[in-house]
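*Asks:* Below is a structure I'd like to ask you about.
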Amino acid sequence: MFCKNVEENIELWDREKVDFSRESLLPSLATQRTFDYVLVADKVDDDMDQKSQRQRAFIQQLEKKNITVTRIIHDDKVFFGLRAPCEMFEDYQYLLKVSDSCNWCGDVRGAVTQANRIRIVNFILHQTFINTGENLKELLMKDVFETMFCLHERKKQKHLTKTWARWSALFTGQPVRDIKCYFGEKVALYYLWLGWYTKLLVPAAVLGVVVFLYGLAFFNTNPLIKEVCQSNITMCPRCDKKCTLWQLSDTCSYAKVSHLFDNEGTVAFAMFMAIWATLFLELWKRHRAQHVSQWKVYDWCEEEEELIMEIVSDPNCKPKQFRHSYLRSTVVLILVTLMLMLIIGLAHALVVFRVVAAPLISESEWKFASDHANPVAVMLGAVLHYVTIQIMTRVNRWVSLKLCQIEKLNSLAATERSFTVKMFTFQFFTLFSSLFYVAFFLGRINGHPGNYVRLAGFRLEECHPSGCLTDLFIQMAVIMLLKQTLNNIFEFTVPWLKSCLKRNTAKKLQRKCGYCYRKACRDAQGRVEPCDICKLRDWLRNYHLADTDSFSLFNEYLEMVIQFSFTTIFVAAFPLAPLLALINNIFEIRLDAIKMVQLERRLIPRKTNDIGVWTKVLEAVGVLAVIANGLVIGISSDFIPRLVYRYRYGPCASGTNHTHCMQGYINDTLSTAFMNLSDSGITQCSYRDYRSKDYSLTSQFWMVLAVRFAFVILFEHVVVVCKFIAAWFVPNNPMRVKNDRLHDKLARLKEELREMKRSKSTDV
């Protein structure tokens, strides 16, 4: 729909056919001569003021580039409406046509869309300098201008609201082509990727639920649960002070939860998710190729388009030289390492909190908290981790920006790639460093009775007799639920509240401008050239929307890629993660759509043919998922100890009949410590480990350890081979795309030949 009516900014009216009595009082923006950009500044009465002089200097530089500037004063604000000349876009199209990589683009011929006009003007604005050497970015930082924004097109905006950005369209497809024509290819590819990711989450979510139900099916008949719940074993105190002996049966509920997520089904599910991640990426590449081929941007080169727009902005510009400084790279590498050490240090601080909190909670007068000190400490630690994530997100962004400034890369595309890698790395360590401790170190470095490892004077945490996987599940569930739920609430409500609070001014101007539309808004040729009030009404409507910047879309990508990491890396501990991600994404698509179309200023349309460096990030996460899930199953879960017990030490290994093969497993994983408590008469207690009476490690410990490592190696090799086979089996480009591109190339060459012959005949 949108692409057929691309030139709406200058539409002629036939005055003889217009029946003014039937018109609405206010003009439709589809019939107005729209502006490409709007600058806003504070009104300064003193002409000698530095701000006023810099404003005038910048506007003069724009006028030298033949950009028409319309100045309107409203209260204490000055609005500058900018409209670029048609010659500028003709130059752009010609340079596209003769370029090496961009000549396949659909923008080479035909009218320039409003989205392309906005993108080009935005680039020119940022490449315009005043005599002090300052550009628009620096002027915005110094409050010379308050803000800048491009305008929503009411007709297209209403169409997107009707077909996409509303809750009634929750389960309908996305109009990706309309999104591309309005917001540009970059935003369209984000929603295309998010929709594809959500669609492929369906089989993963279904299988995750099946694995969960598998654990639930044997909930009451599992001998391990019965062994814990019916046990009379006395366990050693969890802390040094005020912690008493406790009965293994006290943790019956904990054992039941552990079995739901630590069973044989999680092994198959982890293997499936590792292969699923590869198939998702390979199928996404095919899906992307189909659409970018239809959009004629398959061979698009962002760096080359930057060169073209630099020439359009300044025909006498000089190329930016490629440069590399080993000193700068070394400094950046050192600073990144220091930042990662700081983030890991915060993870250690969270560990200290849990170590200190557990014994303190056990001394609480609240009986529920004292009886469940460890789970409560785990949940409090997860909440504190979430708070740390929110704080560090802002710190990580600031540090990443500063590091990119130190690098001084020569193009916007290279800067975006560098920033993305740094920001994701910092966020990944912030979110997952604590999870890695819970998954691979919790309960394995705490020592034994008489020789406990201590941190800040407190004993390190111990694993539950039923295994450590439940602690990892709790940590993941709390962080994932809090992050997704609270982020979506704040992401939507903040711009919605701002929009509600700022609507009154535009409504007053709408009433004020009722009559002027009939006469003052038309020029002598019948074109709609709105009066100042009409222009200001539209500008204020956009001005009062929530601000957007280059981080707006980046934040959406980062949120989803982090979710993808949660869904794949530790999925063995949390099989319901794909289901939570699926439910979140169904609402996320509409929330983002409503926010972008109705509540925020229009994003700058950006042209691209891929999701960029995020593809490499997703591939790295997929490889890490194989390693992490192999380690979780082999090291963190009780799958291997149960397997060894079943075939080596259990009743079935000795040929005992009519007895479950796992009977006595819990007791087998416990060791005995001798103690002297005269007041209770108890001389021994049990703790989780494979140790003899003199606290030396038993042969069973070494057997289990050997099988653990063998399983990890086997698991990772099998899954990696499956990933390579899947990647090889699914080609990146469908044959249809290759044939379409070949057809387009042939048609283009024929057209060029016809034009050459036509020009020769004209010369003769």
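Numbers here mean position along the shown chain, with the first residue as 1.
Each Cβ is built from the backbone N, Cα and C atoms, and glycine gets one as well.
Whatever TrEMBL says is automated annotation, not expert-curated.
These figures come from a predicted structure and were not determined experimentally.
The domain 'Anoctamin dimerisation' annotation in TrEMBL covers 111-176. Positions annotated as domain 'Anoctamin transmembrane' by TrEMBL: 179-741. Here TrEMBL flags 200-219, 266-284, 330-353, 373-392, 424-445, 560-587, 611-635, 701-730 as transmembrane segment.
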*Asks:* In the domain 'Anoctamin dimerisation' (111-176), how many residues does DSSP assign to helix, to strand and to coil?
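*Replies:* Within the domain 'Anoctamin dimerisation' (111-176) the tally stands at 33 helix, 6 strand, 27 coil.
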*Asks:* Cβ pairs under 8 Å only, please: of the recorded stretches 266-284, 330-353, 560-587, 611-635, which one is richest in them relative to the transmembrane segment (200-219)?
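*Replies:* Most contacts with the transmembrane segment (200-219): 560-587.
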*Asks:* Sequence gap of 6 or more, Cβ distance under 8 Å, 3 or more pairs: do the transmembrane segment (560-587) and the transmembrane segment (701-730) meet that?
*Replies:* no
*Asks:* What else in the chain is close to the transmembrane segment (611-635), if you only count residues 6 or more beyond its ends and a Cβ gap under 8 Å?
*Replies:* 189-190, 193, 266-267, 270-271, 273-274, 277-278, 281, 285, 288, 416-417, 420-421, 424, 439-440, 469, 472, 557, 561, 564-565, 568-573, 708-709, 711-712, 715-716, 719-720, 723
